[in-house]
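Asker: So TrEMBL has the following annotated:
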{"type": "TRANSMEM", "residues": "15-37", "note": "transmembrane segment"}
{"type": "TRANSMEM", "residues": "57-76", "note": "transmembrane segment"}
{"type": "TRANSMEM", "residues": "88-111", "note": "transmembrane segment"}
{"type": "TRANSMEM", "residues": "132-153", "note": "transmembrane segment"}
{"type": "TRANSMEM", "residues": "165-185", "note": "transmembrane segment"}
{"type": "TRANSMEM", "residues": "197-221", "note": "transmembrane segment"}
{"type": "TRANSMEM", "residues": "233-250", "note": "transmembrane segment"}
{"type": "TRANSMEM", "residues": "271-296", "note": "transmembrane segment"}
{"type": "TRANSMEM", "residues": "378-396", "note": "transmembrane segment"}
{"type": "TRANSMEM", "residues": "402-426", "note": "transmembrane segment"}
{"type": "TRANSMEM", "residues": "433-453", "note": "transmembrane segment"}
{"type": "TRANSMEM", "residues": "507-528", "note": "transmembrane segment"}
Amino acid sequence: MGNYTQHVEVSSFTLWDYVVFTLMLVISAAVGLYYGFAKGGQHSSRDFLVGGRSMTAVPVALSLTASFMSAITVLATPVEVYCYGLSFILTCLSFIPMVWISSEIFLPIFYRLGITSTYEYLEMRFNKATRLFGTVLFIIQTLLYTGMVIYAPALALNKVTGLDLWGAVISTGVVCTFYCTLGGLKAVVWTDVFQVLIMLTGFLAVIIQSVLVQGLFLLLFSFDPNPLRRHTFWTILIGGTFVWTSTYGINQAQVQRYVSCKSLFHAKMSLYVNLVSLWAINLCSVFCGLCLYSVYKNCDPWTANKVSAQDQLMPYLVLDILRDHPGLPGLFVAAAYSGTLSTVSSSVNALATVTATDLISPYFSLSEQQLSWVSKGLNIFYGAMCIGMAGVASLMGGLLQAAISIVGTIGGPLLGLFTLGILFPFVNSKGGLAGLVTGLSVSFWVCIGSQIYRPLPESTRPLALETHGCNFTMAENVLQNWTYSTQTEHITSAQPWLADSWYSLSYLYFCPVGTLVAIAVGLIVSLVSGKNHFNIIY
């Protein structure tokens, strides 16, 4: 096919786009209303927090996918492929060991114990201090991640509709809080099902139209074992397995869904069905990145100053190639917004659950009805907190790397702690806590260092993005190749010797580093201080 000619100016939202987008919001809110009032509403905290433990495999599986396939997946993963190549598709391989480890090692223990909060296990296995530490870490991690998830689609909406950026941020939080507070976990799960379908449909609209106008440009990936390379077969397979296991194996937002299933079989099946839907979403996002590169490889909109941030590239593409199809740009923005609603609702629900279960119930004597009302109040509180954290997210860099860094830096050491408790019976509470603290220290060290000293282009290997194919006049100060200029601007003669080694470690390895350090230190401290004398929880 011939080269696609980029329009001088992209179109804006039409009436039909607003209709499609609004319909998605209305349906999401309606699900919350239904589960809030159907059959008398939520009778107990058990109904509200874990759906009465009556859910089946398929809706839970789609909800598992939606929980962490957010607007970051819709907006940032295609940009990652556009800038750095096809390697990210290998994430699909890392999902396979993640699902097996989560379903066969972690899930059976959590389900048989009948716990509501993942961190209840830490008190059973270690002590109360370890449980509280784990709970606080989860709250910090989730608030940071969720703030970023709210901010991402607000950028998209700001670009394509001109809607006030912070107006979009606040409306996201309000809609999520509304149906979380009314309908509890059941509302969250069933809106997730609807939102996954919207995400897939939005992706497919972009992919089909891109192929029709331009064709598809495929890129190969690297098998370089160097851990400093941003994306290779090994960094994505190994690092991705750790990152996703910390997410699907021990994260409260996911475990809460497993234990809501009506049997262990349904809980396990939800993970295996989830594998298929994860593949579908991930492949679609990668192919959208290929579409971006195919259309804009000779006229990069960011270099040409047509967008102010990389994460606006996908909505820019949508308005460029779908300008003659009213309603389809609205469908894509609905897909991005669906990703946000699903993740934020899951996070808010999980935050309310761990706070009620780990920080309130052990210390206050409350009836079921009182605990249910407290849980609803916590949903409102955390909805407001997540909106506030979006302000922090606006100060961070690229969405995908920042999101995975947050998940890996805190999730890695927590994964190490749970692994110590389950796989090493002799590990005691001193070893567990020492491993967690040391793992956190090391993972934060490398994460913060990597934010201050950016890796060199030879490590990230950005693709060449040109502007010679543009058919419009560009500003004189446009950079000829943004990738190299932005990534080399930090280089100074006073750089520490760790900058191009330890601090240049691929961001996907932050999680394995935290996990392995936590395990190693936990084993050593336990052997030195005396073996475990508590009952082992299996």
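FYI, residue positions are counted from 1 along the chain as it appears here.
Each Cβ is built from the backbone N, Cα and C atoms, and glycine gets one as well.
Because TrEMBL annotations are produced automatically, they should be read as predictions rather than curated entries.
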Asker: Return yes if the transmembrane segment (402-426) and the transmembrane segment (15-37) have at least 3 CB pairs under 8 Å (sequence gap of 6 or more), otherwise no.
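Answerer: Between the transmembrane segment (15-37) and the transmembrane segment (402-426), which are separate recorded stretches, there is no contact, as judged by 3 or more close Cβ pairs.
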Asker: Report the listed stretch (15-37, 57-76, 88-111, 271-296, 433-453) having the maximum count of Cβ pairs within less than 8 Å of the transmembrane segment (132-153).
Answerer: 57-76
Asker: Cβ pairs under 8 Å only, please: of the recorded stretches 15-37, 57-76, 165-185, 233-250, 433-453, which one is richest in them relative to the transmembrane segment (88-111)?
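Answerer: When the Cβ pairs under 8 Å are tallied, 233-250 comes out ahead.
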Asker: Find the member of 57-76, 165-185, 271-296 that has more C-beta pairs under 8 Å to the transmembrane segment (15-37) than any other listed stretch.
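Answerer: If we count Cβ pairs closer than 8 Å to the transmembrane segment (15-37), 165-185 scores highest.
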Asker: With a Cβ cut-off under 8 Å, give me the same-chain residues at least six positions beyond the ends of the transmembrane segment (233-250) that come close to it.
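Answerer: Distant Cβ neighbours of the transmembrane segment (233-250) are 64, 68, 87-88, 90-91, 93-95, 97-99, 101-102, 105-107, 118, 221-225, 227, 271, 274, 404, 407-408, 411-412, 414-415, 418, 506, 508-512, 515.
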